[in-house]
Structure formats: C-alpha cells, structure tokens
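The feature DNA-binding region is assigned by TrEMBL to 29-72. Marked as compositional bias 'Polar residues' by TrEMBL: 299-315. Taken from TrEMBL, the feature domain 'Homeobox' covers 27-71. Summarising the annotation, TrEMBL assigns domain 'TLC' to 74-275. Look at TrEMBL and you will find 284-327 tagged as region 'Disordered'. If you look up TrEMBL, you'll see 123-142, 149-168, 207-226, 246-267 marked as transmembrane segment.
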Amino acid sequence: RFIAKPCAINLGIQDSGPHRAQPNAILEKVFTSITKSPDGKRLEGLSKQLDWDVRKIQRWFRHRRNQDKPTTLTKFCESMWRFTFYLSIFSYGIRFLWTAPWFWDTRQCWYNYPFQPLTSRLYYYYILELAFYWSLMFSQFTDIKRKDFLIMFVHHLATIGLITFSYMNNMVRVGTLVLCLHDASDFLLEAAKLANYAKYQRLCDAFFMLFGVVFIVTRLGIYPFWILNTTLFESWELIGPYPSWWLFNGLLVTLQVLHVIWSYLIIRTASKALVRGKVSKDDRSDVETSSEEEDVTSNSTKGILSTSSNGSNRLNGHVAGGQWTGE
C-alpha cells in the first residue's frame with residue numbers, strides 16, 4: 001500500500017480493470033446461478049431469447065469472467081511483496097549459512113544428531129519460512145485457479161510437512177539447505193512479473209530466462225546430487241535408518257518429482273520463446289481474452305507475462321498467462 005502502489009503509479013501502471021460486460025439481467029442471472037461458460041445449446045437459447053448474435057453472447061461471458069480478475073496494479077503490488085520477501089529471506093539464508101559448517105560439508109548435518117543446538121537465527125529462519133508457506137496454502141483457494149492448482153497444492157503440503165517434520169525431529173541443518181536452495185530462483189520469477197507489469201518486455205524475458213537457468217540448475221542439479229544424496233545415503237551411513245527415514249525422504253523425493261514437472265514446463269516455454277522471439281503464453285494458465293483482443297492479436301506474439309491476463313498459483317512457482325507462480 002505504501003511502497004508498491006506508489007512505485008507502480010510512477011511506472012505508469014493504472015488501477016484500471018478489464019473491459020466490463022454490458023449490464024444484462026438475464027445473462028447475469030445465468031452467470032451467477034447456472035454457469036460461467038455456457039455450452040452451445042444454452043448459447044442458442046439465449047440468442048433467441050435476447051435476439052443477440054451467439055458471438056456477442058460469448059463475448060459478454062468472456063468480459064464478465066474477466067472483470068472479476070484483479071487489476072494489473074493489484075498484481076504488481078502482490079508480486080512486489082513476494083519479490084521483497086523472497087529476496088530478503090534468501091539473502092538472510094545465504095548470510096547465515098555461509099558461516100555454517102554443514103553448508104560446505106553436508107555430512108555435518110548428521111554428526112552428533114539429534115543433539116544439535118537450535119540457535120535463535122535457525123529458529124527465526126524456520127518460523128518465517130513456515131509462516132510464509134502457510135499463507136500460500138490459504139491464499140491459493142481465494143486466487144483464480146490455474147491448471148497446476150493440484151501440483152501447487154501438493155507442493156505446499158509437502159513443504160509445510162517437511163518444515164514441520166524436520167523442526168520436530170531437529171533436522172534443521174539439512175532443512176536450512178533445502179529452504180535456501182528453493183528460495184534461490186523465486187525472487188527472479190517475481191522480478192520477471194514486475195518487469196512484465198511495467199511493460200519492460202526485454203527485461204521481463206531476461207529475468208525469466210535467468211530464472212529458468214537458476215531453477216533447473218538448483219532443482220535438477222544441486223537438489224538431487226547435494227540434498228537427496230545426504231538425506232538418502234550420508235544419513236543412512238552416519239546415523240542409520242531412523243524410524244522416520246522413509247517419510248522424510250519420501251517427502252523430499254515428492255518435491256523432486258514436482259521439480260521435474262516444472263522444469264519441463266519452463267523448458268517448453270523457453271523453447272517457444274526462442275522460436276517466436278519473445279516469451280510466449282504459459283502452458284499452465286487458464287487465460288481469458290475477449291474476442292476483440294483475439295482479433296487484434298491473432299497475428300501477433302504476446303508475452304508470457306501479458307498484463308491482460310491473470311493467474312493465481314505460483315510457479316514456485318508458481319508462470320501464468322498474465323502472472324508468473326511458484327515454488
């Protein structure tokens with residue numbers, strides 16, 4: 001409210017929503033009580049009842065669906081908040097872990113386990129991360145759904161479960177490595193969204209490409225060969241198969257499966273960008289556009305972060321046709 005909104009206004013982002021649908025009591029009743037996306041048979045019936053062309057009715061429903069979506073200014077403010085959090089928590093984590101012995105030698109995560117001290121910096125790092133992921137868990141039900149809603153839901157459950165489980169079992173050392181690794185790419189994704197909303201397309205594409213590289217390196221390279229290696233093999237070697245070993249590593253492997261899915265989506269999006277010359281629409285998004293917009297843009301390329309569309313979950317994100325998503 002006091003920082004992001006003034007920044008958005010200075011960048012020329014207006015607090016104006018999408019085109020509003022023409023007031024119509026009959027169509028409004030159908031929209032609110034029956035369906036937001038009528039089929040062909042219902043469209044024909046409404047066309048006869050209103051003496052409207054079917055295409056005009058389809059356009060009305062598209063406008064009506066779009067007008068409930070948040071404005072570009074709202075999305076900019078949300079992304080700026082997330083960018084601030086991700087960058088701050090990642091900086092804090094790197095500064096803290098740089099002097100931690102287990103950052104350089106993962107076997108240190110298991111020496112003298114479970115009798116390892118919980119310092120105040122470790123405690124606050126964990127509590128901040130847990131609070132943030134709980135907020136993501138709740139907010140995804142109020143945001144507009146994307147195609148990867150289920151994936152993001154599983155991701156948040158696995159993340160909250162891992163943070164809570166590792167804290168209760170004093171596995172905070174390896175837990176800090178997992179948290180810091182996941183925060184490494186998230187602020188770049190939010191930076192790409194901010195550049196998109198401000199209509200700096202080249203900067204947006206550059207941030208997205210950088211995000212893609214960091215995401216793939218950390219999630220498909222460092223995570224399996226550094227994190228999973230120590231939780232699966234080094235822990236077994238140093239402290240043996242503790243009772244919760246299977247649950248703990250099962251959750252970590254679940255995250256890795258999600259990493260592979262997201263990496264595939266990122267690579268596919270980047271490939272389209274190289275072919276078309278700019279980052280194109282994200283495959284995860286359920287994007288609504290009016291028929292007028294379709295006529296205007298049918299022969300042009302739209303950016304993957306097009307400000308005329310919207311999404312909800314993050315490509316952890318959780319990439320959207322109008323908004324990039326997740327972790």
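The backbone N, Cα and C atoms fix where each Cβ goes, and this holds for glycine too.
From a predicted model like this one, the values you see are computed outputs, not experimental measurements.
Same-chain residues lying 6 or more positions outside the transmembrane segment (123-142) and placing a CB less than 8 Å from one of its CB atoms are 85, 89, 92-93, 96, 149, 152-153, 156-157, 159-160, 163-164, 167, 172, 175-176, 179, 312-314. The DNA-binding region (29-72): residue composition by secondary structure is 30 helix, 0 strand, 14 coil, according to DSSP.
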